[in-house]
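Copied from Swiss-Prot, the annotated features are:
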{"type": "TRANSMEM", "residues": "16-36", "note": "transmembrane segment"}
{"type": "TRANSMEM", "residues": "58-78", "note": "transmembrane segment"}
{"type": "TRANSMEM", "residues": "100-120", "note": "transmembrane segment"}
{"type": "TRANSMEM", "residues": "141-161", "note": "transmembrane segment"}
{"type": "TRANSMEM", "residues": "165-185", "note": "transmembrane segment"}
{"type": "TRANSMEM", "residues": "221-241", "note": "transmembrane segment"}
{"type": "TRANSMEM", "residues": "253-273", "note": "transmembrane segment"}
{"type": "TRANSMEM", "residues": "294-314", "note": "transmembrane segment"}
{"type": "TRANSMEM", "residues": "343-363", "note": "transmembrane segment"}
{"type": "TRANSMEM", "residues": "373-393", "note": "transmembrane segment"}
{"type": "TRANSMEM", "residues": "399-419", "note": "transmembrane segment"}
{"type": "TRANSMEM", "residues": "424-444", "note": "transmembrane segment"}
C-alpha cells in the first residue's frame, strides 16, 4: 500500500463528509424513530415513565453508543481494513489463515447480518409512515393501521423495483438529505431540552447502572433489548468503510453522534414535560410542533428509504463476497451502475422484498417489529468481536491485551444478546430461522466444496504432454476447436483434475491447436486483477492462474482476451490467422469452453453424511446461477460434461457369469 493511497484513504474532505452521511449512517441515524418509543411502550406508556427511568434510559443509550459504536467500531474495527474494505467477510479474509475454524464465526456473522438486513426496511419505513398519525388533517386516515401498511408496501415495492436499474441516479441526493436529517435531529432535540436541561445529567453512567437494578424498571435487564436498537447500525458503519474511507468516518461520526444524542435527549425532555398529558403518540413526532410534522414525516420517510437502500446494497455486497469466498451458492450478478461497487443480485433482491413485505404484513405495527428487531445483529457483533481478537494478535498486539479488550466487548454484547433473547418469543424467531437457513446453505456449500477437494483425483500434465501433442497433430480427428478452455477449481503446479484429461483424451478425443487450463483464485485483496501463465515448454498447452479480488467479477472471457493478446505480442503463442473472417487482420481463432460438473453416483465410496451434503448441494444448484453465467460465458461456445464425483476407486459390484449347463444326455 503506497503512502499516497494511505493518505487518501485516511483523509477527510467536505464532499466525503456529505457522502458518508448518505451511505454509512442510514441505519443508526433512523434509530431515533423507534428507540424511545420502544422503551416507553414496554414501560406501559408515557404516564408510567418517571424522571429516573428517563435519565437511566438516555444514559444507557449514550454509553451504548460510546462503548460499542465509538470505541469498538470507530476506534478499533475501522483499523481492520482489508485494502480499504471493511465488513465481516473482509475481516475474515485478513485472519482466515490463523485458524481453519474462523470460517464458522464468519458464516454465522454474515448470515445474521443478512437476516437483520431483511427486517430493517420494514421497521424504518413503517415507523416513518406511522408519523402521519400525528399530522393534523391526515391523522384520521392513518389511525387505521391498514392504511399505514398499504403505504409502506407501496414504498417497498418501488424501492426494491428500482434496484435492477441501479440507484446511482438518486444516490447523489442521499448525502444532502441525511445532512438535513441529522441537522434537524440535533436542532429539534436541542430546543426540546431547553426546558429540562437536567436531562443532560444522563451523561453520568451512574444513572444507567441505577436503572438496570431499579424497581421502577419493569423489565429489568431485558430493557437492554430496546436500548440496543440505538446501535444496530454500528456493524453497517464498518461494512461501508470502503465506500467513504476511514478519515471521513472519523470526521462525520462526532457530528452524527451529537445529533442523535440530542434527538434522544429532546424526546426524553418532551416526555418529562408531557407525561400527564395522556398523549400516546410516538415521542419522536409528538415532540415537534404540529405544523411541522408533515414535513418531518416526509423527511423521515426519505431517511428511512436511504437507510433501507444502504441495507439492500450492503446485502448485495455481502452475498457477492460470500460467493467469491466459495461459502455461498452462485447467483446471477449484474452491474447496473458505472462502477463495480453498484451491483444487483435479482434472487437476493426479491427474497429480501418477500421477507420484508411478509414482516410488515405479519407484525403490522412498528412496535411489534421492534419487539423482534436487533436479536440477530447482537450475534453478528459477537462474531465480529471474535475475528477482531485474532486480527489484533496478527497485527502485533500482545495476546493477553487482545484477549482482555475483546473479552470486555464480548461480555457487553453477550449481555445485550441475553437481553434481546426474550425477543425470540415476540417474533425474533422469524429472524433466527432465516439466519439458520442462511447458515445451513453456507455450511452445505462450503462442506460440499471440501468433499470434492477430498475425493477428486489429480494427474500431472507433464505426463500427458506427448499424448496431447500427438492428438493436436492427428488429422484423423476433426478439429474440435482452435482453442479449448478448461476451467478448473483445483490446479496446483502441474497437477490437474483427472476428469479434465479424461475429457480431452478418452471421452471423445478433442483435437485443438491450443489447450488452455484456467484456474480462478480469489485473493484477500478486494480489487486484484492479475494473472500468471505457464506455457509448460510448449506452444499448445497454457496454464493460466487468474488472481481476482473477492469483489471482482469473474468474467473469464474478458480476461482471457487480454491474456491471449499479451502472449501473442510477446511471441510465446503463435498467431492463429483466420482465412475466413469479417475482421481484417484477425489473428485469434475461435474458443470453446468446457465445463465439467461432478455429480454423486450411488456406487461411490462416500459416507452417508458426505452423500447428504453433496445431494443437498446438488439440489441447491437447481436454483442458482449456472457456472456458464457466473464466469460470463453466456455469449461463448460452451460444452457441459457430467462426470461422477469419484473417477477412480470405483466399487466393484460382485457379479457372476451364468455358464450354460450341458445336457448330460446330449
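Cβ coordinates come from backbone N, Cα and C, glycine included.
Highest Cβ pair count under 8 Å relative to the transmembrane segment (294-314), across stretches 16-36, 221-241, 253-273, 399-419, 424-444: 16-36.
Residues of the same chain lying 6 or more positions beyond the ends of the transmembrane segment (253-273) and with a Cβ under 8 Å from any Cβ of it are 17, 21, 25, 28-29, 31-32, 35-36, 40, 46, 49, 51, 54-55, 57-58, 61-62, 65, 69-70, 74, 182-183, 185-186, 188-193, 195-196, 199-200, 202, 230, 237, 283-284, 286-287.
Of the Cβ pairs linking the transmembrane segment (399-419) with the transmembrane segment (58-78) and spaced 6 or more residues apart, 3 or more are under 8 Å, so the two regions touch. Residues 117-119, 121-122, 126, 149, 152-153, 156-157, 160, 163-164, 166, 312, 315-317, 319-320, 331-337, 369, 372, 427, 430, 434, 623 of the same chain lie 6+ residues outside the transmembrane segment (343-363) yet bring a C-beta within less than 8 angstroms of a C-beta in it. Beyond its flanks by at least six residues, the transmembrane segment (141-161) meets 121-122, 125-126, 129-130, 132-133, 135, 301, 305, 308-309, 312, 349-350, 352-353, 356-357, 360-361, 364-365 of its own chain at Cβ-Cβ distances under 8 Å. Counting Cβ pairs under 8 Å to the transmembrane segment (373-393), the top-ranked stretch among 16-36, 58-78, 100-120, 221-241, 424-444 is 100-120. Here the transmembrane segment (58-78) has long-range neighbours at 28, 35, 86, 91, 199, 202-208, 211-212, 223-224, 227-228, 230-231, 234-235, 237-238, 241, 246, 249-250, 253, 257, 260-261, 264-265, 268, 381, 384-385, 388, 392, 405, 409, 412-413, meaning same-chain residues at least 6 beyond its ends whose C-beta is under 8 angstroms from one of its own. Sequence-distant contacts of the transmembrane segment (16-36) (same chain, six or more residues past either end, CB-CB distance under 8 Å): 57, 61, 69, 120, 123-124, 127-128, 131, 171, 173-179, 181-182, 185, 226-227, 229-234, 236-237, 240, 243-245, 247-249, 251-252, 255-256, 260, 263-264, 267-268, 271, 282-284, 300, 303-304, 306-311, 366, 370.
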